Every structure is written in C-alpha cells, then in structure tokens.
Amino acid sequence: MTTAIASDRLKKRFDRWDFDGNGALERADFEKEAQHIAEAFGKDAGAAEVQTLKNAFGGLFDYLAKEAGVGSDGSLTEEQFIRVTENLIFEQGEASFNRVLGPVVKGTWGMCDKNADGQINADEFAAWLTALGMSKAEAAEAFNQVDTNGNGELSLDELLTAVRDFHFGRLDVELLG
C-alpha cells in the first residue's frame, strides 16, 4: 500500500474519532467512540463488555499519546496521529499492530457476539457494520470477504486479521468505523 492511501485512510479515521471537531484527538474522543459502539449494540453503559471496550480504547489512546510525546492528558494533532500510526503500520509491523489494536478489536468483537458462542455470524456482523453506516448488502459482501475459511462465522483471529489487512492495504473493508 502506498503512503498516500494509508494517509487517506488514517485521515478519515482521525476525522471520525475527532468527535468534538476541534482538530485534535483527546482521551474523551476515544471514550466517546467506545460509547458510540456500545450504543450501536444497545449495551448498557455499565455492562462489563462496555468497560472492556472503554479500557481498550483508553489503552490505544495512551499508546498513541506516548508515541507522539504528548502524554496521556495531552492531545494529538492530525499530523501526530498519522505519523505515529504510519510508524506502527509500516515500521513496527504486524505483531506490534496486533498488540496495540488487538484489545480494541477484541472489545468490539465481544459486543458483536450477541449469542456469546465465541463466533460472529453474518447477522451479528451485519448489525455491527450497519451501525457504522454500511447497507445490509455491503455488510453481507464484507462478511464474505472477511470470512476467510468460509465457515459462515468469524473468529476473533479472522476479525483482527481483517482490521490489520485493511490498514496494511490488503483489504478494502473498514471495520472500526
């Protein structure tokens, strides 16, 4: 993937996560993203899986802030966010990506797995992606692309691979909104 494509995808993510539109990402923006996801799944703010997701997004913010040199009470500019994230993708590689983004994917996956069977079926996946603004038809097509073993269900590993592949330019299905 070219740096231009990565930068475009990361700019889109920055804009989505900048909830208050002030041109910077703060911890509150990451907390609001976790809340937004929880609400999309109809989860109560006090639910354990909501707290897990909030903690995961908090950890992601802490990582980004530390790498940008702004501290956990600071804020990241778009340039800092893109620089740190491109470094994660292009320099540090897949293992680091999994370590940093894995908890966020796992937290979202936990909310998506409504029947708690350890897998995400096509209906659960569609509920997630339609909450992000995709049509049901787009969600069905995305499921088919992400279900790499073709068993009609997604494991946590398949989902993390899909998120990573999007950021590495190997997949065009955006799963984190």
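Cβ coordinates come from backbone N, Cα and C, glycine included.
Pulled from Swiss-Prot:
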- D18, D20, N22, D29: Ca(2+) 1 binding site (BINDING)
- D113, N115, D117, Q119, E124: Ca(2+) 2 binding site (BINDING)
- D147, N149, N151, E153, E158: Ca(2+) 3 binding site (BINDING)
- 5-40: domain 'EF-hand 1' (DOMAIN)
- 45-90: domain 'EF-hand 2' (DOMAIN)
- 100-134: domain 'EF-hand 3' (DOMAIN)
- 134-169: domain 'EF-hand 4' (DOMAIN)
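Feature annotations (Swiss-Prot) mapped to structure.
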residue	record	Cβ within 10 Å
D18	Ca(2+) 1 binding site	19
D20	Ca(2+) 1 binding site	11
D113	Ca(2+) 2 binding site	19
N115	Ca(2+) 2 binding site	10
D117	Ca(2+) 2 binding site	10
Q119	Ca(2+) 2 binding site	16
D147	Ca(2+) 3 binding site	19
N149	Ca(2+) 3 binding site	9
E153	Ca(2+) 3 binding site	18
E158	Ca(2+) 3 binding site	17
Residue among binding-site residues D117, E124, N149, E153 with Cα closest to the Cα of N22 (Ca(2+) 1 binding site): E124
Distance, E153 (Ca(2+) 3 binding site) to D113 (Ca(2+) 2 binding site) (CA atoms, angstrom): 10
Top Cα neighbour of D147 (Ca(2+) 3 binding site) in the set of binding-site residues D18, D20, N115, E124: E124
Number of other Cβ atoms within 10 Å of the Cβ of E124 (Ca(2+) 2 binding site) across all protein chains: 20
Secondary structure at E153 (Ca(2+) 3 binding site), reduced by DSSP to three states: strand
CB contacts for D29 (Ca(2+) 1 binding site) [other CB atoms within 10 A, all chains]: 21
Cβ neighbour count within 10 Å of N22 (Ca(2+) 1 binding site): 10
